[in-house]
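J.: Structure incoming, see below.
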Amino acid sequence: MSLSRINIGSFRNITSASLQPCDGLNLIYGQNGSGKTSILEAIYFLGMGRSFRSHLSQRVINNDDDKLTLFAHLIDADRDCKIGLRRHRSGEIEVKIDGEKVKRLSTLAETLPIQVITPESFSLLFEGPKARRQFIDWGAFHSDPHFYQAWVNTRKVLKQRNQLLRNQSSYNQIQFWDKELVRYAEQVTDIRNQYVDSLNVLLKGIIGVFLPRIDIKVSFTRGWDSKTDFAQLLENQYSRDLAAGNTGSGPHKADLRLRVGNLPAQDALSRGQLKLLVCALRIAQGKLLKQQLDKNSIYLVDDLPSELDAQHRQLLLQLLTETGAQIFVTAIDPQAIVDSLSSPPNRMFHVEQGLVTVIE
């Protein structure tokens with residue numbers, strides 16, 4: 001799977017641009033503020049309906065326009081697909097796939113799976129369990145067709161239960177929702193657990209390449225003690241939850257734990273080693289998608305030279321190219337990337353003040 005055409009309109013400082021990337025590695029270079037990262041961000045927006053740099057989508061719309069427009073032609077082994085997206089400053093979003101309106105943004109993620117490695121990617125290890133749950137759930141969503149609905153149902157039930165808690169409702173009023181929560185929580189947790197088990201098989205090998213002398217343990221925690229009956233736990237914690245006004249245990253508290261010995265990885269590893277660990281997680285997730293669904297992710301790698309030394313930059317690019325996936329890499333100095341490759345990039349683009357030029 002690869003993008004054969006990308007059209008970008010009124011996205012940050014890119015007024016209008018059209019790219020025809022190749023399979024394999026596409027190198028995008030330019031000075032800071034030129035717009036090279038905005039190209040990666042636009043591709044991500046097409047796959048997720050949001051930015052990886054800002055939670056406020058209005059900020060990515062060019063100041064001279066009231067909407068952004070994105071289009072991509074996606075070529076897969078068994079189908080060609082055209083994706084169009086328009087986001088208005090008012091917040092309204094329109095998505096079409098092959099000319100048909102799409103109601104759920106999750107359809108974008110299903111159609112265009114994307115892996116991102118940026119300077120901000122390390123939030124996966126430092127910003128608490130939410131980012132790691134999102135990482136697990138991205139994979140669970142792709143690996144099991146039943147996950148999305150179970151996840152949606154869990155969120156709805158939690159919202160209802162928390163509202164009742166804030167209203168100081170009796171346990172008799174909450175008991176029905178507890179039964180529903182237990183049912184959906186078990187579905188979500190089982191799929192998450194199976195996914196992490198499968199991911200671990202691939203992850204160990206990749207971590208062994210990046211960090212060969214370090215034993216890193218990766219485990220899934222469900223959000224409550226696995227030896228405790230969840231229904232009984234909810235009843236036992238009712239008074240505490242009532243005082244807090246929210247549900248203290250459950251699948252919304254799940255986490256992916258990464259440890260070196262008895263220490264969390266973020267305390268035991270250097271910044272450079274943590275960068276490599278995040279890269280390993282992203283590559284493993286993409287490889288597992290390929291293994292399970294015979295579908296490649298598209299990799300977006302921003303500002304690679306500043307993130308890794310030459311040796312590990314070369315190793316990362318080697319592992320990425322071996323996946324057979326389409327890759328977009330940005331850099332200020334293109335030579336830093338070219339020197340790390342065993343063969344030239346498949347295509348190069350230069351970006352200056354939002355203008356994109358292909359380098360023949």
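Cβ from N, Cα, C; glycine included.
Relevant sequence annotations retrieved from Swiss-Prot are reproduced here:
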type: BINDING; residues: GLY30, GLN31, ASN32, GLY33, SER34, GLY35, LYS36, THR37; note: ATP binding site
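Are these features on the surface or tucked inside, and what touches them?
T.: Cβ-based neighbour count (10 Å, all protein chains) for ASN32 (ATP binding site) stands at 8.
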J.: Measure from the Cβ of LYS36 (ATP binding site) and count the other Cβ atoms within 10 Å, all protein chains considered.
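T.: Taking all protein chains shown, LYS36 (ATP binding site) has 28 Cβ neighbours within 10 Å.
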J.: Starting from the Cβ centroid of GLY30, GLN31, ASN32, GLY33, SER34, GLY35, LYS36, THR37, the recorded ATP site, name every other residue in that chain with its Cβ within 8 Å, sequence order please.
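T.: For the ATP site the neighbour list reads SER38, THR330, ILE332, VAL351, GLU352.
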J.: Tally every other Cβ atom lying within 10 Å of the Cβ atom of GLY33 (ATP binding site).
T.: 14
